[in-house]
Amino acid sequence: WPAGEGWEAAGRAVLFALLLSMCSRAVAEPIHYSIPEELGRGSLVGPLAWDLGLSPAELPARKLRIVSGDEMRYFILGKDNTNLRVNERIDREGICGAVSPCVITLEAVVENPFNIFHVSVTVEDINDNAPQFDREFVAIEMIESTRPGTRFPLGSGRDPDIGTNSLQNYQLTPNPLFSLVVKESPDGMKQPELVLEKSLDREKQRNHHLILTALDGGDPVRSATIQIKIDVTDANDNTPVFTKEIYKVRLLENLPEGSLAFQVKATDGDEGTNAEITYSFSDIANSARQLFTLDSRTGEVMVTGPLDYEEGKYYEATVEGKDGGGLSAHAKVHINILDVNDNAPTISLLPILNPIPEDSVLSTVVAVITVRDRDSGDNGAVSCNIDEDLPFKLDSSSENTYKLITVSELDREAVSGYNITITAWDRGSPALSSSAELVLEVSDVNDNAPVFEEEVYSAYVAENNAAGAQVLRVLARDADAGANGRVSYWLEGGSAGEAAPPVSVEARSGAVYAQRSFDYEQCREFAVAVRAQDGGVPARSSTATVRIFVLDRNDNAPRVLWPTAAAAGAETPPFEVVPRSAEIGYLVAKVVAVDADAGRNAWLSYELLQAPEPALFRLGPQSGEVRTARAVSERDAAKQRLVALVKDHGQPALSATATLHVVLAESLQEALPELSERPAGVDSSAELQFYLVLALALLSALFLLSLLLALLARLRRAGPPTVLRCLGAQRFSLASAALPADFCEGTLPYSYNLCVAPGRALTETTWLSPPPPILPAEELLGWESCGKQSPSSSSAVAGD
């Protein structure tokens, strides 16, 4: 920067810092406003938001409010929430009386961050009241012998205004016999006195009429008048004399009506009627006249109305004592009302956060509490507290204002609301107290994750279950409320490339369903992770493991591993050789079988189902061992075919059979001839004869079919003869959909011509089958001993 610009920038920075510090002090200190009384509703008091340093942009977030007990009714915030305005007519005399200055205090509350600012509004007096006299005229009796210079007190005027607007002076109509002297009392009141300037002569003038005018100092000047009537009487030597010039009386405000307040006493040196004194109030305010009465004979002043220190603390009156001769004397009476503790404190509540979030930080302001006590001194000194076992405390903000703040963490799941009783009591004797209840709700935040009833769930499902069947139900509970406590479920993990999980979970209920039928032999158990998530923001979740145990069912029959079945086309099945010299218990073979099931479903037992010589062999029911039950004899056939039954213990039981061929021979060479021999001759000849007949029939059918196909092919190439053409004019049958009478189609794999006679409907189309393939003789003759036919052979027979 150039030198000039640098100095200018530095100056601006210093000025900004200075202004900022001034603004900071202004906000920290109380804010003062001054307004005249009698402003109308809506009149501007001051720019409160501006004086607090709040910009229009931040006003919505700061939530500016005013509170101060009873005084709140006098002021409100305008619609723009920035200016402090008058809420109702303010009468300074009605609010403060003779107290000056008249100050109304209130508090301005802002949030985010929370703060309380003290605001005072001084109500200035205007000349809205004229002086007033408590009566319209004053009657004075004077003895004609009264010496000049004698003073006679007159009734004082009263003006509720203060300062220069109050009563300032008196004026008396001009009269050569009388003058006016204004005397100021110690309390500042101006007391007019009538002074006799010249001797009276009753014979010349018995009555005199004067007018006293009271004037205030306002602009314009307001005034009031009172008429003074003076009666001149004959001489009376002695005037009454009061025992005190000023009576000072102190009365408790709870003095009951009808009680003696005080007594005035005057004496007179005359005798007779001139010594008889009657008492009266010569000057007393209307408010005091309603509270006190004076006995004209005794001078006793009785309480006739309720005394209230809060309504009137001080009264003044002038008592006149007049003898029978017309002479009078005057005495001042100052009545001070003493406060007693007759007013309990009042409590005003301003909730700031209700409901309050359960995650509120410590020292969060919940409410502003204002207490008032109309009593004075210790009787008006108020203390305030709440129960100690609450997560809140009262923090004193000013003499009569408290903040209710949090002192420990809140947990809605433990306590969802508080009934806070605020108790205020004064220091009077006896102390008076009052209480107010604040019902505070705690709003929920998502501070709890769902919790499963079990960390690991177990379910047992029998295999071959139906797809979509419910396996079990998981349940997670969330202590939060509303959306924060609404739980949804889903399976955790998995991606687009992975196989579909074997189970699914219903999002709302937590029901777990099987996605497919389970197979115990393929998967005996598996586990999935189920996640439960609430609806809060941000969401919270937890997981639980669901273990599915597949229970076995007897759905697998035993499978024989040994002896194995003969391979297709094998001439000799597997066999066992047993020497004819074998003894009892000789191990012939062992039937080996397995079952894919488990438990009882896989327990196998063995029994001999078929044997040519049942007494020769026995089968171990548990071991599957085939052993000789007796010694082999020469009568036993050389070839033995044993059929063993293998059965499991399931419900129902499943079984399988195993065929074991046994040859009784001493050695393998001796056994081979036995294996090459056929069974009994009768059976073999019958079986061979059947096969030969069947083969001849098949060959004949194939030969005839070949001739027919050749003939049809020749006719197709030469065209159909006339004699074979279809006759008749009707091209289609009257029945349901059919082929035309001379319909010919040549797109089949083989060349066929189909003609339909007229009038004959084809409800079913019959196509000639292609010729069967020619099979080798070996296959045609390859019949098994159990009588099963090959598919080719069956087709040939059907065609024939």
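Keep in mind that glycine also has a Cβ here, set from the backbone N, Cα and C atoms.
As recorded in TrEMBL:
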type	residues	note
SIGNAL	1-28	signal peptide
DOMAIN	27-133	domain 'Cadherin'
DOMAIN	134-242	domain 'Cadherin'
DOMAIN	243-347	domain 'Cadherin'
DOMAIN	356-452	domain 'Cadherin'
DOMAIN	453-560	domain 'Cadherin'
DOMAIN	570-675	domain 'Cadherin'
TRANSMEM	688-712	transmembrane segment
- Task: For the domain 'Cadherin' (356-452) and the domain 'Cadherin' (570-675), decide whether they are in contact, meaning at least 3 CB pairs lie under 8 A, counting pairs 6 or more apart in sequence.
- Result: no
- Note on the structure: Model confidence over the domain 'Cadherin' (570-675), as mean pLDDT, sits at 86
- Message: Treating G and I as helix alongside H, and B as strand alongside E, what does DSSP give for the domain 'Cadherin' (243-347) in helix, strand and coil?
- Response: 8 helix, 49 strand, 48 coil
- Sort the residues of the domain 'Cadherin' (453-560) into helix, strand and coil with DSSP and give the three counts. 4 helix, 48 strand, 56 coil
